[in-house]
Structure formats: structure tokens, C-alpha cells
Amino acid sequence: MIVVKVGGSAGIDYDAVCADIAARWKNGERLILVHGGSGETNRVAEALGHPPKFVTSPSGYTSRFTDRQTLEIFEMVYCGKMNKGIVERLQRLGVNAVGLSGLDGRIFEGKHKDSVRSVENGKVKVLRGDHTGTVERVNTHLIDLLLAGGYLPVLTPPASSYDGVAINVDGDRAAAALAVALKADALLLLSNVPGLLRAYPDESSLIREIPAADVENYLEFAQDRMKKKVLGAAEAVQGGVRRVIFGDARHGQPVSAALGGQGTVVS
Ligand code: ADP
């Protein structure tokens, strides 16, 4: 089993990702696709007059402040446009894909965090009304049913809180939790960069290999949201996933290239 997470940043070639996945699926490989949608969510949120607000925690992690209205816009884009766009691509390629959010069947579950600490102008503020959380539990029953029926699951945040409230969760870490729960052979984190860069944005500074035991030491090279990918990779390898690869989804055959060792391989 391979878990593929494709991001939501500008430049990602979803046609290329879907064509590669469809070819591998038809060859008998078992795959699950998890996707993001942050770039499109930002665009739609601006257009709807509710621009995105990002907060940076005291420990340096950036996340989207998700009030109710943001959550609704987030769902429109992630569960609507992005999810159905990917499912349609796969259906056109002859793959019977099913798109679900983590709320559906409570596939992704975690604690609802209502407040977040944000560093603004050097001061720490507490913002309330946040709909975020972290995936702590993956309920694989529905996924097992789909796979057994020959369907390719296409999953996206949000997740469900333990009380059934929709929560915005990081897609990379959700994919990592899924890979651990399914005892996947590999987790691919595909984005619009060649992999983890030692000197971002210099693409010639690609880090090719990271020993699994050392992955957290590489957090220092990741800025902003790349940190969540490194954290997700650490969680996956600590949970028993043998290989995590940060790969390029901008062109070519992104899944096959990553599985062939291109990008940053954590093992
Ligand atoms: P996605 O939505 O595609 O999953 P993110 O935007 O969450 O991707 O994270 C990938 C982004 O992280 C890259 O587009 C890049 O701007 C940024 N980044 C920060 N530091 C690094 C780094 N050291 N190497 C590669 N990318 C980095």
C-alpha cells in the first residue's frame, strides 16, 4: 500500500499526478490519494471577501486561522472543487475513485482546538473560535471497504473532532497518520518543489537522503509549511512506515519518479 499526498500549492500538475496514479492502479498497485487545496482556498477566500489569516505559533509553525466562515470556504474548495476535480480526472482515466473528507465515516479524528497562540509583533496573543486540530486517530474501516470493493479513495481534510465538529487539520500529518494506520510501504508527500531544499528556494540544494532516525534534525532547513511535511515524515517513520519521499508534482510522472528515488528520501 502506498499513500500519496499531493499538495495544494501553485504549479502542481494534477493531470500528471492522476495519470501516473491511474496507470499504477490499473497495474494492480494499491494506492490512496490525500490532497490539499491551500492555494485555491486563499484565492476563493479573497474573492468572497474573507481573506485568509495565517498565524505563527511561538514554536514557529504557521497555520490557517479557521473561524466558522473560513471553515465553510475551506470545505467548498477542499471537499468541493479540489476533491471532485481529482475524482473526475481519475474517472476519465477509467479509475473508480471515491472522494471523501475526513469527516465522512470519521476517517480522520482528533481533538478540536478552539484557541490558538499567535505571535504578532513580537507578542503572543490567544485567538479563539478556531476550528483546527491534529489527527490522532484514523478509522480505517470505511477505507478497507472501499479498497475491497475496488474503489480508489481520494481523501481530504477537514477531520472530525471527537464531538463530530469539523476541524481543519494539516494534510501532510493526516496522510502520515493514514500511512501508519494502514501499515503503508511508502508515503509520498508531493508538492511544487523538488524535495526538501537545504537553502530554499535554491533547487540545486536538494537534500537527497535523510536517515529515518535523523529526520527531526532537518526541521531547521524547512520554513513555514514545509515544517509540517518534515514533522509528518518523522511521525510516519516513527510509526513504522519504511520510506517517506518528498517529491515534485509539477511535471512528468510524479509518483513513479518519487518511488524511483527522486526527491528527498527518508528511510
Ligand atoms: P503543499 O500545499 O503543496 O503541500 P506547502 O505550501 O504546504 O505545500 O509546502 C511546500 C512549500 O514549502 C514550498 O512551496 C516552499 O515554498 C516551502 N518551503 C519552505 N522551506 C522549504 C525547503 N527547505 N525546501 C522546500 N520547500 C520549502
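From the backbone N, Cα and C atoms, a Cβ is placed for every residue, glycine too.
The domain 'Aspartate/glutamate/uridylate kinase' annotation in TrEMBL covers 1-246. Sequence annotations record features per position, and here TrEMBL assigns site 'Transition state stabilizer' to LYS5, LYS229. Feature annotation from TrEMBL assigns substrate binding site to ARG64, ASN168.
All protein chains considered, the CB of LYS229 (site 'Transition state stabilizer') has 26 other CB atoms within 10 Å. Within the group of recorded positions (LYS5, ARG64), the Cβ with the highest number of other Cβ atoms inside 10 Å belongs to LYS5. LYS229 (site 'Transition state stabilizer') sits 10 Å from LYS5 (site 'Transition state stabilizer'), taking the CA atoms of both as reference points. Taking the Cβ of ASN168 (substrate binding site) as reference, residues of its chain lying under 8 Å away and at least six apart in sequence are, in sequence order, ARG64, THR66, THR70, LEU71, PHE74, HIS131, THR132, GLY133, PRO157, PRO158.
Over the domain 'Aspartate/glutamate/uridylate kinase' (1-246), the average per-residue pLDDT in this prediction is 97.
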